C-alpha cells in the first residue's frame, strides 16, 4: 500500500515533462513497494501527467472521482490548494481513498522513486512527493495560453499611510499570498508607521514610487532598504544554519531581489548613499523610467512590468517636455542637413546621458550585490596605499599585525597588506543631473483567470476524462470518434483581472499634464479598474475644473484622496502618542500634548462628494477573488481616553509618585534652592527638545537620533537629524510653529554618517529653504551643515535632485587639523579618535554671517570620521553689544517677523484653515489639561474616577496651531561682529567666562579626550545605548553604557547631563548612583598622552594645574567655594521623544524620574502580557 500527495505544482505541457517522484513511505509492512523507472510506449492521448490538485473519495466530499484525476476547475500555472485540499494534504488521504495501482505512464514521463532510510520515516501517513527536474518557467509553453493569475489567491490593496504630521506620504500595499508590492510615496516615517500597523516587510519584492524623485516622496526609502537587507541577511543566516544541521536536505538559497520602480533620478538617489550603505544580502534592481514608455504607437497597450501576479502600466507626465538624448539630437541635425549619420559620422552606441546612467547603475550594483569582503587583505606597495586606510604586515611567524614601520616617503617599496574599500565608495563624484519635473502614476491589474470547465459539455462532445486536462490547458483534443474539440467549446469565458490606479500630483504644474495622459482614455488598459487613489502634495488644489471633469468622466471608478489638506492630522502612531499622553499627565511641563485634529480641515467639492472619499489608513479594496470594498479594517481615531484609563488602572503608583514630585517642587525651600542653581547657569532658559532618542532604526516608542537646542538670542540647532525629524517637529509643535522654528534654525550638526543619524537632514534642509524664502525677512539667511568631510559629498550630490538653493547652504566640513596638508610627505592626517576636528568653511566665506557659536570638535571611537562637538555661546551681555543684525529679523520672535512681513506663507491651505476651524474641530489644549489635572488629582487622593468622563473620545484632541508655545519662542539676535574672518567667530577658546558650553557626543565609546576638551560644560548630551549588563555589546558595537556615559560627564565636570540614544531593546529606565558624579568620587581624567600644547586653553582649571605640578592655593575664596558648590550641583535626566526641558529646570524635572520609571515598568509588563496572550491565540 502506498500514499501520494502533491508536493509541488507542475505545468501541463505538450512537450516531454521529466519528473522525479520521490516516495516517502512509512508502511505497516516491513518492505516498501517501489515503482521502477518506466520507458513503455503509450499513445499521447493516454498521457497521464501529475497535477497540483487531486480529488479523493471521502465521505465528506460530494464528488466521487478518480483520486488521481486533475480537477477540471483548476487552471494551469500555479493554483493554490483549496482549504479542503490543504487540510487533506496535511493529514494525507486514507487508505480507501486511493487506487490499488497508479495510472499508466508513457515515454514522456520519467519517474524516479526513492525511499528514505528507515530512520527518517515519519510516523504520519506516507506520501508521494512530486519534484520537477527544473523550476517552472514564468513563460508559457508553446501552444498553451497560460493565464498567470494566482487563481483563488486573495489579493487586495490597502492604505498603510495617509498624510499626517509624522507620516507625510500616501502609501499603499498590494497583498498577494506569495508577494507584497508597495505603491505610492515611501516618505519619511513610513517604516515606523508599518511597525505600528504590524505590516511585515518580509515578502516585499517590488516598490513602485509615485510622483517625482525627491526627498518628499522617497525620504523613507533608504532606511527601508536597510531594514529589508537586514531581514534577508537574518533569513539567509537561518537557511545556512539549517543547511549545516541537515546537509542532505535540499535548500533554496536563491537570494531575493528588490525591484524599485520610479522616475528620473531614481538611480542617482540610490547612488548618493554609497558612502554609508553597504549590504550584500539584498540585490537591488532600480528600474528608472525617464522617458515615455508608450512613445512607440505599436506598443501602447503593453504593460511596463509583468510577473505572475500583476501587470503594471507606468503613466509618466512632465511639467515640461523631456529632453531628447544627445545622440538623437545629433542625428536630427544631420538628418535635417541631408546627411546620413551612418555614412557621415560614426556615433557612440550610448549617448552621454546613457553613459552617465551606466556609471550610476554600476555604483548601485556594487552597493547591494558586491562580492567585496571586509576580511580580505591585498598586498600592495606602501607608496600605493590610498589613505585613509588601515595597514597591516605579516610578521616573521606569519601572523598579521598592524604596520608600524617607516612612512611611504621613507620606504615606498615596502610590501604591506590593506583592505580594498568596497567598490561603490571608489567613485568620488556622481555624474551631475538636475531635479526632475516628472511625475509617475500607475495602472495595476491582476491577470485574467480561466473560465469554469463545463463537464456536461465535455460529455456531450464525447471528450474522454483523461483528455479534459488538455482542454483545460488550452489545447485541442480529438475524440475517439474523430471530432476535434476546442477549449472554447467546454471552457467558459475567462474572468477578467481587476485592478486599481494611482494618480500622483506633486505640483500644480503637473496637474494638467497628468490628467491629459492618453492611458486614462485607453479602454483596454482602464478596463476593470475599480478604484483610483489620488496622492496630492501640499498646495495642489482638488477643486479645479480639470479634476472635476476627469472624475466625472471616470464616474464608474471609486476615487480615494490622500492629501494633507483633505486628510485629518490624526495621531498615526498610537503607542508613542499614548505614552506621551501618560507622561503629560505625570509632568505636563516637560511633556506637552502632541498636536493633532481628527477632522479634515477642508472638504472635497460638493459636486465630487458622491464620487470621492478621504483615504484612511487600513482601508482595503479587494481585487480577487471578487472585487469588494472593505471598510471594517479602517484604523479608528486614537482613543485618547484609553491611554489615561490605562494609566489610572495599571500605574496608580506612578500617579502617586507624580503627586509627591509636584508637592516637592512647590516647596519654598526647594524653589529657593532651584533658583540659586539657576543663577549659576548661563542662559538657563536654553531649551533642549529630543525629537528622536532611539538607536539603529525607528521603533514603536523611539524615533532615531535628533535633538533640537534653542538658545535665546542665538537661534536653534539640530544635533543629528535622523529620519522623520521634520515629522517629529510638526507633531510636537504643529505645522505653523514648526515652520517658525525652522526659520530660526542656524545649523545642523551630523556626528557621523550612520543612516540613523542623518537621513532626515535633506528634508529639513529643503523645508528650511522653502519656509525662509516665503518670508522676506529671512530670505537671505543661510544654514550651516556641520559634518565630517565625506558626508558633505552626500549633501552636495543631493542638490542635484532636491530643489534647494545651494548658495544658501554652507557646508562646514570637519577636518583632522586646521593645518592639514594632503600633499605632505607623510600623507594626509587621519581622523584618529581623540584628535581634534577643525571646522573648515568654504573658501572666501565669512563665518560671521552665519552667527554661529564657537565650534570645537574631536574624533571619537565609533566609525570612520565619527565626531563629538562642543558649542560655546558667548555671555548674555555680548549680544547686547550688537547694534544691528547682519541677516534675518531685527527683533522679536520668528512668528512676529512672519506676521510683520505680511506675506502668504508657503504652507497655506491646511494651516490657514486650521486656524479658522479650530473651535469646530478641536478641544482647546488648556481645557484638556485642566480635565486631566482634575482627574489626576482625584486619583492621587485615592478617589479613582474616569479622568476623561466628560470628554468625547473623538474630540479629545488639540489643534495643530491652537496651542502656540509662547514661552519657547526665542527672540532672534546677532552676536558681536567678529574682528577676524577666520574659521570661527570672534569668541576664542580662552575667553569662555560666563559662556554657555554644550557638549554632544554622537555615538562613541567613552572618550577621555572629549571629556577634557569639554571641561566645564554646562550641558552634556551623551549616548547611552546599552545598560551596564551589556558592556560586551557596547564594546563590540562601539557604544557606551550608562556608567560610562556618566563617568564622561564626571570627568568634564558637566553640570547637567541628558542621556539619549537608547537601545530599542529595553523600554525601562535604568537606575544610577548620583553620588558617583561627584568630582571627588573618582580619579582624575585618564588617557591623555599628548603634549601640553595639545590641551586646549579653555580646558585649563585648578584640577589641571594641580596635575601639572603647579601650586594650588589652600585658602579658598568665596568664588572657589561657589565653584565647588556648582561642581556638586549635577543633575541627570533621561531623554524621551518630544520631551522639552530648559537648562534651568533639570532639578525640578528629575523629581519626576521615579514616577516615569514606574510608568515605563508597568507599560512593559502590560505589553508583555498582551504579547503572550496574542501568541496563545
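Here the Cβ of each residue, glycine as well, is placed from N, Cα and C on the backbone.
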Annotated stretch (region 'Disordered', per TrEMBL) among the listed ranges 967-990, 991-1014, 1015-1038, 1039-1062: 967-990
Per TrEMBL record, range annotated region 'Disordered' [choices 642-665, 666-689, 690-713, 714-737]: 666-689
Correct range for region 'Disordered' (source TrEMBL, candidates 216-237, 238-259, 260-281): 238-259
171-197, 306-332, 333-359, 360-386 - the one TrEMBL records as region 'Disordered': 333-359
Which listed span TrEMBL calls region 'Disordered', if the choices are 928-964, 1076-1112: 1076-1112
